[in-house]
Amino acid sequence: MAKSLEIRFLFPLVLFLVLCVDGKRFNNNGHKMRKGRWEGKLKMNFYHKSCPKAEEIVKEIVSKKVAENPSLAPKLLRVHYHDCFVRGCDASLLLDSVAGKAASEKEARPNLSLSGFEIIDEIKSILEKRCPKTVSCADILTLAARDAVSYEFERPLWNVFTGRVDGRVSLATEAARDLPSAGANFTTLQKLFAESDLDVVDLVALSGAHTIGTAHCGVFGRRLLNFTGKGDTDPSLNPSYASFLKSECSDKSLRFNSSAVVGMDPTGPLTFDSGYFVSLLKNKGLFTSDAALLTDPSAAHIASVFQNSKTFLAQFGRSMIKMSSIKVLTLGDQGGEIRRNCRLVN
């Protein structure tokens with residue numbers, strides 16, 4: 001018993017030290033980064049000479065839009081997530097399908113509910129007038145996601161390293177294959193994240209993005225109505241929370257695609273905080289992939305530590321820097337370009 005208590009006491013301390021060390025991976029000007037696939041490629045203030053107002057323009061437009069409609073913050077963040085996990089952060093998700101060619105990532109089932117593309121289009125249009133063929137759609141999306149989430153804090157929550165160029169290939173089949181699913185178990189999630197050089201701390205921290213935004217009832221309907229194929233409810237789901245979800249979603253909306261939605265974090269869908277983890281530890285994670293974090297001892301311990309908002313926000317920023325650097329293309333890399341229109345290759 002004493003040994004068990006000792007381990008439980010030491011783990012948060014060890015994790016805290018790990019996070020602190022991890023946090024020294026980047027200094028304020030983006031130098032002395034720990035070796036990785038993208039070292040030397042991206043840097044802070046990449047456009048300070050070629051388009052000095054680029055980041056300011058992105059922030060101004062995004063801040064105005066989020067002030068008018070706070071639900072845009074999770075939407076832009078989700079677009080960024082879905083882009084980075086397929087071919088890396090190359091804005092391939094922004095490409096529209098072209099007649100006579102294979103469907104683009106936008107057409108993949110997990111991406112059909114995405115929105116906010118028009119915000120990126122607006123920013124790109126302005127930047128093309130100010131600095132033609134200079135600022136990539138991939139960098140715009142990365143900056144927009146950060147600025148959208150940071151708006152409520154009136155300060156940037158993490159640094160964005162820029163210098164990406166845009167990819168020319170976008171395939172719905174790859175999105176269907178590579179995107180983490182809301183129904184995934186822990187083993188699958190860990191494997192998908194590891195393939196992108198993201199560890200278990202990143203997995204848990206980035207799952208915390210579910211603290212804002214909504215989800216269509218049909219996405220989690222099986223957990224409530226037919227978990228094992230016998231008309232049952234997932235036994236890992238908090239009974240009171242399951243009842244609440246059933247009261248918010250009709251049977252029809254749970255079984256089929258519909259416009260009905262609920263907040264992903266029962267403590268509030270518009271405030272970016274540790275409420276997701278507080279709810280998760282009470283078995284109120286909305287998706288199977290949320291509940292899956294509690295099936296792994298290490299992930300469950302990390303989730304417990306992230307109930308502290310300050311700790312969560314600090315690590316979320318670090319993990320976002322890592323995620324937004326997945327397989328980036330930069331000037332000189334084959335297959336990359338600076339698109340003039342984010343929806344079309346040049």
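Keep in mind that glycine also has a Cβ here, set from the backbone N, Cα and C atoms.
Just so you know, TrEMBL annotations are computer predictions that nobody has curated.
Feature list (source: TrEMBL):
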type	residues	note
SIGNAL	1-23	signal peptide
DISULFID	CYS51-CYS131	disulfide bond
SITE	ARG78	site 'Transition state stabilizer'
ACT_SITE	HIS82	active site, proton acceptor
BINDING	ASP83, VAL86, GLY88, ASP90, SER92, GLU105	Ca(2+) 1 binding site
DISULFID	CYS84-CYS89	disulfide bond
DISULFID	CYS137-CYS342	disulfide bond
BINDING	PRO180	substrate binding site
BINDING	HIS210	heme b binding site
BINDING	THR211, ASP265, ASP273	Ca(2+) 2 binding site
DISULFID	CYS217-CYS249	disulfide bond
Long-range Cβ environment of HIS82 (active site, proton acceptor), under 8 Å and at least 6 residues apart: LEU93, GLU105, PRO110, ASN111, LEU114, ALA175, LEU179
Integer Cα-Cα distance in angstrom, the residue listed as 'substrate binding site' to VAL86 (Ca(2+) 1 binding site): 10
CYS84 (disulfide bond), number of other Cβ atoms within 10 Å: 28
SER92 (Ca(2+) 1 binding site), number of other Cβ atoms within 10 Å: 26
Site with most surrounding Cβ atoms, counting all protein chains shown within 10 Å, from the recorded positions CYS51, VAL86, CYS89, CYS217, CYS249: CYS89
Binding-site residues listed as ASP83, ASP90, GLU105, ASP265, ASP273, least Cβ neighbours within 10 Å: ASP273
Pairwise Cα distance for CYS342 (disulfide bond)/VAL86 (Ca(2+) 1 binding site) [Å, integer]: 16
CYS131, CYS137 as disulfide-bonded residues, winner by CB count within 10 A: CYS137
Winner by Cβ contact number (other Cβ atoms within 10 Å) across the recorded positions ARG78, GLY88, PRO180, THR211, CYS342: THR211
10 Å Cα neighbourhood of ASP90 (Ca(2+) 1 binding site): matching recorded positions from CYS84, ASP265, ASP273: CYS84
C-alpha spacing of ASP83 (Ca(2+) 1 binding site) relative to CYS89 (disulfide bond), in angstrom: 6
Minimum Cα separation from HIS210 (heme b binding site), reported as the residue among recorded positions CYS131, ASP265, ASP273 that achieves it: ASP265
Euclidean distance between Cα atoms of ARG78 (site 'Transition state stabilizer') and CYS217 (disulfide bond), Å: 17
